[in-house]
Amino acid sequence: MYLEQLKEVNPLTICITNNVVKNFTANGLLALGASPAMSECIEDLEDLLKVADALLINIGTLTKESWQLYQEAIKIANKNQVPVVLDPVAAGASRFRLEVSLDLLKNYSISLLRGNGSEIAALIGEKQASKGADGGKVADLESIAVKANQVFDVPVVVTGETDAIAVRGEVRLLQNGSPLMPLVTGTGCLLGAVLAAFIGSSDRSDDLACLTEAMTVYNVAGEIAEKVAKGKGVGSFQVAFLDALSQMKSEMIMDK
């Protein structure tokens, strides 16, 4: 349902994301059926966000200048009622990253918070091991998702071996995906953009259902890619993953 709607709407998804993943993110969105724009010029965004369907803010390659860009872009998105997805990459790795993430969450309207366990744990003040964007192992992603949902009053997606989605106090746990996905730089960052595209093309009447389908589509594509690339390595997996995203249909996830 939501995937077909995305393909029909072809949502314009503005991605202010990190320098490492821009190409992969744009290609992933195109494969799925969305329309990516990677602009980082405020004068440009003033017009683009009037017609955009979603905005992704990914703080991966953070600078003082980019912090100001995030703030200005979110202000414009909020003014135009464009949903904003925040990916607080490595929020627990430095005080500066934590400060920026909390500023954006507390002072602007964010539609979805997406991160791994250690990133979201850092935002709610829980001590967890963090190794940059990959994060450390977190025992209870469900409780972290629930608490973050309560603290920030925003839908939350926490990714790990089991993914947790929390919306208005309701939680859903998902276990699809491939162990090869974390071995390709940008799969987590692309996920943030994919979630933005799904939200941006929906009517927002049931975020939990929308996010559940988005996560399942993404993770099942990873499973398909793993089978295709078996014995070939992570380079082949990356290509197979983009291929799988381009071929996904809702019926492929009916029993997942």
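Keep in mind that glycine also has a Cβ here, set from the backbone N, Cα and C atoms.
Remember, predicted model here, so these are calculated numbers, not experimental data.
Annotated features in Swiss-Prot:
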type    : residues       : note
BINDING : MET38, GLY186  : substrate binding site
BINDING : ARG114, THR159 : ATP binding site
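Residues near GLY186 (substrate binding site) in space but far in sequence (CB under 8 A, at least 6 apart, same chain), listed by position: VAL20, VAL21, PHE24, THR25. Cβ neighbour density within 10 Å is lowest for MET38 among the binding-site residues MET38, ARG114, THR159. In the three-state DSSP scheme, THR159 (ATP binding site) falls into the strand class.
The distance from the Cα of ARG114 (ATP binding site) to the Cα of MET38 (substrate binding site) comes to 19 Å. The two recorded residues, THR159 (ATP binding site) and MET38 (substrate binding site), have Cα atoms 24 Å apart.
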